Structure formats: C-alpha cells, structure tokens
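All remarks here apply to the structure that follows.
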Amino acid sequence: MQLYSNKNQGPDGNDLSEDAPEPDESSASQQAAALQLEAWLPYRLFRVSVRIADVLNAFYGPKFGFSRSAWRTMAIVANRPGVSVKEICQAGGLDQFTISRAIRQLVELGYARRQTGRTDRRYAAIELTQSGWEAFTEISDLAQRLERELTDAVSKDELAVLDTILTKLDNASAGIMARGWRGVRESTETDGEASGT
C-alpha cells in the first residue's frame, strides 16, 4: 500500500528529494525576532490596567454619567487643587482638548464648578462640588477594593519589590517619552554601531 502520493514526499507533505528547496533561514530568523505581543512588557502592564479600568468604568459610567477622562480629571483635581491643565495632561495621560471636554462635562453634570477669580486658562480653574466629592469618595472606595483584590495575588515582600520596579519603569518611560521614537531609534543605532553590529 502506498502511503504517500509521491515517493519523495514525507508524512508532513514536505519534499524530501535532493532538489527540494532549502528552508528559508532568513524567514525563520525574522519570525524568531518578531515581537510577541503577549510577552511584551508594556502590553502586559496595559492589559492589567485596562481590565481594572473597565470594571471601574462599568460602575461609575452608568451611575454618574461621566467618561473615563472625566473620572481621571476628577481624581487629579481632588488630590491636587489648583492644578494646571498641563499637569492634568501629564498626570492623566490626556491631551488638552480631552481635558477641556472632561472639565466641561463635570461642570455640566454638577460635579464641579468654575473657580471665581481665576482667569488664567492654563489652570483647570474648577473645584469639586459636594456632589462631586460624594461621587469621588464612592468611586475611590471601589477603586481601592479593586486594588486590594489585585494585590492579594502577591505577598507583601513581592508587592514592595513591585513598587520599586514600577517606580523605575515609570521614570524610564518618562525618559522615553521625552526623547520620542526618533531619539530611541537613534540611540539604538548608535549602540549598534559602537558594538560593531
């Protein structure tokens, strides 16, 4: 009984004859060097963050009626009164247009009010109302519960090490952001030339 249609064909269908083409080594090396998203550290950090953020948003979105950017703005303003718009952008990872829209939403919903006597547009010029503080307190309580449930997965010693690591990664990412992708590529190319690669 003939197992394969071609005597030079193996069980996997590959051509075993002497004239068979050699495996493409460059293709294999490219696959080996390709980015594996699930193993990429920034993506792993993002995945943890977005899961918790989704759960929190599912609570405050329907109940209080504001967006994620409005929640971030509320939290920053609550902890840093008189903060500038630029500082909110940096702390919340948001652009100025998004911040302005978030502030307007909080004011329109009655969770914040414009501060009188502040005409400098560089500053947020808002403060939380009583309703705003009540909303912030309730959301913060759930946020802290989510954090506790997350950190229960590690020991206190591991959490202390993680805190140190995250601080270093935060500083490193700030440096990367300041240099931009061009700066990162240039430094990588310079390092490659210096090592002779």
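Placed from the backbone N, Cα and C atoms, the Cβ positions cover glycine too.
A TrEMBL annotation is a machine prediction, not a hand-curated record.
If you look up TrEMBL, you'll see 1-11 marked as compositional bias 'Polar residues'. Positions annotated as compositional bias 'Acidic residues' by TrEMBL: 15-25. Annotation source TrEMBL lists domain 'HTH marR-type' at 38-171. The region 'Disordered' annotation in TrEMBL covers 1-29.
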For this session: Determine how many residues of the domain 'HTH marR-type' (38-171) DSSP places in helix, in strand and in coil.
Result: 97 helix, 8 strand, 29 coil
Exercise. Roughly where does the domain 'HTH marR-type' (38-171) sit in mean pLDDT, to the nearest integer?
Worked result: 92
